[in-house]
Amino acid sequence: MACLSPSQLKKFQEDGFLLLEGFFTADECVVMQQRIGEIVAEMDVPLHCRTEFSTQEDEQLQTQGNTDYFLSSGDKIRFFFEKGVFDEKGNFLVPPEKSINKIGHALHAHDPVFRSITHSPKVQALVRSLGLQIPVVVQSMYIFKQPHFGGEVSPHQDATFLYTEPLGRVLGLWIATEDAMLENGCLWFIPGSHTSGVSRRMIRAPSDSGPGTSFLGSEPAWDNNLFVPLPVRRGGLVLIHGEVVHKSEQNLSDHSRQAYTFHLMEAAGTVWSPGNWLQPTTELPFPPLYI
């Protein structure tokens, strides 16, 4: 049954995250992995667009936050790479398929496999059980968490980057297409941290001032002792409240930790911030989840 039980809904409301084991089958995960392998095999990224992805604030502003390749990726399928995988000329130092940090941000719109997963009847039933009336899909990503050097994701709130008024209207759905364990960089959460508001916002520069972003506010020094790990077996789905604090460590194991994730916004009575880096476009307005 895809709908949440009253006890599951209560736990999500209390913690700001919830694991649903076995939400997707192993076969569905294989289909996603096979399709992403095909997309990677066809990858052709010009030298000047080879952007290393980071969640560290200073590196964000120096790399993807100030490049049009990132800022214009909201309605496209684009590739972002781990740190240290290019030489000074932009050539790969490791096999290209092992260099990718993530693919974003519109797999849900442009690829039939990921569109089918995103809009699957069980996802729609799950989201309905959370009470969302007019959910729209704002972005999607396939995350690789490569073995041996898959980068850490520093503590953050999704609403820092996907801000709405009022708050509390963004929901992440994170699907483990491979086992996500302590050894290979599973997610960590601070339970209940979604009730304290947003401490930092990433703001896009006005269009007439050129591409770029800046941050308003600062990330608190989160107490590491407050984080709890959330290992997830392949096929598990994690619901993530837009304001819950979460992170993941670097993957130093021999195994990747692949996942498909997408974010929804409750469009009813909600204003999507015009300052967000990601904006709907004429080519791709935020598509409704319910079809």
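Using the three backbone atoms N, Cα and C, a Cβ is placed for every residue, glycine included.
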Request  = Out of His105, His246, which one does Swiss-Prot list together with His156, Asp158 for Fe cation?
outcome  = His246
Remark   = Per Swiss-Prot: 2-oxoglutarate is bound by Met141, His156, Gln157, Asp158, Trp174, Ser248, Arg257, and from Lys102, Lys122 the site also lists Lys102
Task = Could you round the CA separation between Arg257 (2-oxoglutarate binding site) and His246 (Fe cation binding site) to a whole angstrom and send it over?
result = 16
Task = Please find which two of Lys102, Met141, His156, Gln157, Asp158, Trp174, Ser248, Arg257 have the most distant C-alpha atoms, given that the record lists them as binding 2-oxoglutarate, and give only that distance in angstrom, rounded to a whole number.
result = 21
Note = Within 10 Å of His246 (Fe cation binding site) (Cα basis), scanning binding-site residues Met141, Gln157, Asp158, I find Gln157, Asp158
